[in-house]
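Okay, so here's the structure we're looking at.
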Amino acid sequence: MDFSSCNNHYFYDVDMKEDFYRCIAPSEDIWKKFELVPGFPLSSGGCPGGGGTDWAAEMMDLGWESPVKLTGLSSVVLLRDCMWSGFSTRERLEKVIHERLSTGSPRVTNTQKPVADNETSEPGVDSIEQNATPLVVPTPIPEKVPNSSGSESTSDSEEDEIDVVTVEKRKSYGGRQPVTITVRADPTATKLFHISIHQQQHNYAARLPPEPNTMSPQHNFHSTVKEEPGEVTSPPELQPCSPQMPDSPLASGSSDSEDLAKRKNHNYLERKRRNDLRSRFLALREEVPSLSRSTKTPKVVVLSKATEFLKGLVIQEQQLTAEKLKLWSRHQQLLRRISQLKGR
């Protein structure tokens, strides 16, 4: 196989020598180089067993207008070459392909099924894709990914590596089950807890919790009497009743006398206010010329006539002040005239 033609078609611009997909160390963040480039889908048909150059020729005939359509073998090889810096030489790639084609044991085919269930292709292609699946598809446990990637260059047999990856996946699936059970159980418990708090805080129609029964003062008094029997000589019930019997008529008589005094004072003040108001209206009626001779006049009529008379007085006052100013000016003119006559 010759992958140089594929590399020329994969890069965007070879003339400008823009090395977007240079090989980097595994410790660096390689995903930054592939953020804007979509991944290549793995075809289900696979590539033919012996024609390694047919897929490269077909890929070159597509042109830049259509996206690159790669088979399962080519996509896996390119992804491993570009992403993980593996299979950088042609000899190592051919060696691996020949090993997979020659050693097609049933153990390898059995381990391929849990990893790639949906892919159906030839045995040689399946072996190469199975070799690349632990590198392209990350396992659920992140600690196991560097182990599978580092085992490519150090391990002697690739079949053991595939078995380890499948066992790790099964273990990870088995370990996820209790986690999902606990996660499903937590929200229900929290919801019930919040509902109970909400009902306790906002259920205003509910009855209050029963309060502790407070002891009556009579019961407390009996308890104190029982504790100190030597100090009490007479029954306590008769002491407050004996002075209240003779004092009850005196208290009622004093309250009645206070009410009578308040009523008398109120009546006196009310009569005084009415007499003062009547005398004021009579004086106002005497001041109004049109009502001075009438003996019985309603208060409303007295007020209306008084306001009219007051407005008339205001107008007369304004007229008199204007006339006064005119007379004062005339007086000043006469004084000047007298002074002029004396000067001659």
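Each residue, glycine too, has its Cβ placed from N, Cα and C.
Bear in mind that the values here come from a model prediction, so they are computed numbers and not experimental data.
Feature list (source: Swiss-Prot):
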type: COMPBIAS; residues: 104-113; note: compositional bias 'Polar residues'
type: COMPBIAS; residues: 213-223; note: compositional bias 'Polar residues'
type: COMPBIAS; residues: 259-270; note: compositional bias 'Basic and acidic residues'
type: DOMAIN; residues: 261-313; note: domain 'bHLH'
type: REGION; residues: 104-162; note: region 'Disordered'
type: REGION; residues: 208-271; note: region 'Disordered'
type: REGION; residues: 313-341; note: region 'Leucine-zipper'
Problem set entry | Counts by DSSP class (helix H/G/I, strand E/B, coil) across the compositional bias 'Basic and acidic residues' (259-270) | 12 helix, 0 strand, 0 coil
Problem set entry | pLDDT averaged over the residues of the region 'Leucine-zipper' (313-341) | 95
